[in-house]
Amino acid sequence: TAALGEETLASASSSSDSDTGGASPPPRKKHRASAAEGAGESGDSTVATGLSGVVLGLATTSPHHQATSAIHFNRTLVNNLSGNNMQSNGAGQDSELSCLNSAQNGESSSAGGTHFNGLLVSTNNGNGVGTNNGAGPGSGTSTASGSEVGSMKKKKRLSQSEEDVIRLIGQHLHGLGLNQTVDLLMQESGCRLEHTSATKFRNNVMEGEWEKAENDLNELRALMHSPNAIVRMKFLLLQQKYLEYLEDGKVLEALQVLRGELTPLKYNTDRIHVLSGYLMCSHAEDLRAKAEWDGKGANSRCRLLDKLQTYLPPSVMLPPRRLQTLLRQAVELQRDRCLYHNTKLDSSLDSVSLLLDHVCSRKQFPCYTQQILTEHCNEVWFCKFSNNGTKLATGSKDTTVIIWQVDPESHQLKLLRTLEGHAYGVSYLAWSPDDAYLIACGPDDCSELWLWNVQTGELRTKMSQSHEDSLTSVAWNPDGKRFVTGGQRGQFYQCDLDGNLLDSWEGVRVQCLWCVGDGRTVLASDTHQRIRGYNFEDLTDRNIVQEDHPIMSFTVSKNGRLALLNVATQGVHLWDLQDRVLVRKYQGVTQGFYTIHSCFGGHNEDFIASGSEDHKVYIWHRRSELPIAELTGHTRTVNCVSWNPAIPGLMASASDDGTVRVWGPAPFLDTQNCSNMDS
């Protein structure tokens, strides 16, 4: 056994020395030992452990198996030597050890070692892998079976969502011009950015190779879901081809495309007639202007590709800028779900950080008292910001109307002028569309209406048709030349700026009025717990909203689609005027039989605010029935709330406590401490 071990060591040493140019054994061993010492002195212990284990094993085996065991010993020793040399000398010894392994086993070098995770795994003609059966705890190298190596070498199969993400990233990088990075990503992941036929098609379109692009369409035909898509895509290609010929001055070629290629498609003949008219364009600038076309070049061809991609399945060619689209949708969704988002929506991704979720702070919301206006000496029944947001009008039981100027920088309000003489008090105010005039109405027993010139402070018109009238509500026609007014005693008039009666509607007991944007229809809530539409031109009316309780007041959104109702004993209700359905009932507010006026507000009118008989101001997000803020400070019923249409962070409330409170964001707001991802 000892002789066999020495012979094996000698054989391994001579083979290794011959591979390295005939180096003598002592320097070889010295070199290996020094390398092992540099690596933590693990080399000698590994070889010693393997040698002792195999020698002991050979000593206990029968002579019949000693030859076979010696062969296994050779392989085991070589593997140990290979592993230690690889750890100590680096990958530079791989070829040497591979030759050593094949020389010992009588195999060619092509069937030598295989690398896996930095280790050298020797194979026996591809059928087996040598193992270190005698390795102890300090051996440091063990090899896997052939099936384990195959499974470890096999790449993880990507899921469909993972492949989609890789393709989206690849498309985005390609748009940034990082084409080599895209190639490496696709190669390493095993994915394909788009179908090879689609790539050819894209390149031919961008290079203006129209005939080749048409041929590519035939290859893509089998990949499309809609059979009509080919005709539409071909029409778009030929249209671009036709326009480019015209811009180059090749009129005959363009005419041939129009007659011989576009017309036979029998698709969109109206467009073909328009295209034929471009033949009369005298120069290229005229053509581009009339066709609303960027001209021959990369821009127009990119736009063409964007249109063509809509007809191809995403598995063949991704929709244009798909990753940016998904990110933009995610940002918009987070903004929509943010209860306090009250800033202008910016569709650009450059204005946000994609590293944080969108969260707006309540401190940025108009929940804090900025001013308390105490110039009125009695109950304040109404307040209303002008359409341009530069002024606030407040009406009081003290018979005055006060106009306040809004400072555009500090948002502080200063008294501009006081309008006096309303003997019954002022319960309702309406700004003209251009904010030049202001109409003031009184309570139920008031038969007069005042029309003021805001700039001069002069009374232009004081209208009263009869002392028995009750003119408690008013609304301006969008043209600014007419208005409608009425009351609960059955008066319903349409008048001009001088107070002349233009039309009247008999028998309508009006509670509140609103003029629709069409200039013909007037919405009026009456004593029958409903809102009806009245057309003064053809004298027709129709029912729009029907409630079960009295409608004390209502207002309409800017787009005319939604109506906000304060319903007696019920609270605030949101109606869709177009579909004529109740959308939402808002909770929290205390509404009895006092007339309380609510309002839409914020950017895009996403919020709703209302006064309440419990002395509070309630604010809701339009999609949420529960209030997002309850503002305290008033000591009696809050009769009216008005949100500034130009400054979404500014709101005013009028109360029976004789004050007007101006609400805004938290004072000394540190924007860096607010967790808002908008920059």
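Yeah, the Cβs are placed from backbone N, Cα and C, and that goes for glycine too.
Copied from TrEMBL, the annotated features are:
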COMPBIAS  1-23  compositional bias 'Low complexity'
COMPBIAS  84-112  compositional bias 'Polar residues'
COMPBIAS  117-126  compositional bias 'Low complexity'
COMPBIAS  127-139  compositional bias 'Gly residues'
COMPBIAS  140-150  compositional bias 'Low complexity'
DOMAIN    194-253  domain 'CTLH'
REGION    1-46  region 'Disordered'
REGION    84-158  region 'Disordered'
REPEAT    373-407  repeat 'WD'
REPEAT    419-450  repeat 'WD'
REPEAT    631-663  repeat 'WD'
Please list the DSSP helix, strand and coil residue counts for the repeat 'WD' (419-450). 0 helix, 12 strand, 20 coil
For the repeat 'WD' (373-407), what does DSSP give as the number of helix, strand and coil residues? 0 helix, 19 strand, 16 coil
DSSP puts the residues of the repeat 'WD' (631-663) at 0 helix, 16 strand, 17 coil
Determine how many residues of the domain 'CTLH' (194-253) DSSP places in helix, in strand and in coil. 48 helix, 0 strand, 12 coil
